[in-house]
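Okay, so here's the structure we're looking at.
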């Protein structure tokens, strides 16, 4: 994406890359998955989760292939440039335009790079040694319309991401600090259903408390949108550690409750009405394609990178299944919260106050550290979308307008609704669908076409996807467009019944 947050950094081993990818994929979406499982039924949910995991893995290999093709073309361009410079030194006459054989698709690579880190000494022209972000690949392989559609999709997705983050933190704070009596938070996870109009503290309603927390969240973290933020190594380690502790705790506590015969869940096998949200949640929960360049490029040995990614997806699939199945059998469907951590803030579930508050406030800590990073990324995408070669933005536009249009819309969405399951579902079903399916498929198709034009039909990309037959690209495109139609039709039919 435009405006990279961090440099590629030092190289790391393939197994460290595996851990980084796991941490990248397993995030907020996983916390909303148990309720989505419960509303769609365990059998439908398991089948859809496995299928969408397979589809996400396939498109991940498409992105890796496109990264290798982009590296090859950038490397070839520099070789041609050096050759041209050498000819200039040997001849007083300039080199004519016809002496440099650049294909039309390759000329698009001459647009200004969003972010790249160069390394020398590659033995193979398709070696992934240079970080080429998805925005740069879109500029290289797509025409102008395709580039604009790419940025439109990525911007909508990031807006959805920010809206989810902006709602999740105040919801967690509201649920932990509010109860019917307003004295403690032990009843948050019990069978009592709360309305937004219920009292929180004295005359303050729950919805008022939510909006107060949202205002505080915006005032504290919003200003970071106006500056450059960098994700430090130690912050990443801390948030990753908290994530692992929280997820393991929830699985263990649910298993203990089930083993003691205290399980209350009786999930159905299938409920078709819940598929729409489940689809969006699953797509969102497998999302990593937009961050693959910064994740894959620093891996020191990429020979078996596709096998490593497959192992990661298998582990993540097993983890999601374990988390969701323990949740739907431990808790009744109607008591599962949008944010699963909040089910463990009930004194009957866990008597240790520290663990209750740790799980209840877990999203607050982890999401708060990610919000400024996503906001800066979105702001930089806006800048790149409207950038013209050689042009600069006025100070007011650069420092005020772009940060404002980044921050205000998601906060307004969070102000209007805190239905996290719907926010995650819609973001995943629309923008997530485009980023995870359509864009990688088009990147694979266009990069293969450009590679043949530049290097010849006999050239083999060493990182060619295992799904190299054109059938798979067509299948992904048909699937992606079908999902758009299905989700839209489902929403329209649902609204017409109301």
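Just so you know, glycine gets a Cβ as well, placed from its N, Cα and C.
Curation does not apply to TrEMBL; its annotations are automatic.
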### Message
For the feature transmembrane segment as recorded in TrEMBL, pick the matching range from 101-120, 121-140, 141-160, 161-180.
### Response
141-160
### Message
Which range is it, out of 12-33, 78-99, that shows up in TrEMBL as transmembrane segment?
### Response
12-33
### Message
Among the residue ranges 183-201, 259-277, 278-296, I'd like the one that TrEMBL describes as transmembrane segment.
### Response
278-296
### From 39-72, 379-412, the residue range that TrEMBL assigns the feature transmembrane segment
39-72
### Task
Count, for each of 12-33, 210-229, 308-329, 349-378, 471-493, the Cβ pairs lying under 8 Å from the transmembrane segment (278-296), and report the range with the highest count.
12-33
### Criterion met for the transmembrane segment (39-72) and the transmembrane segment (471-493) (at least three Cβ pairs under 8 Å)
yes
#### Entry: the domain 'Amino acid transporter transmembrane' (20-67): DSSP-derived helix, strand, coil residue counts
45 helix, 0 strand, 3 coil
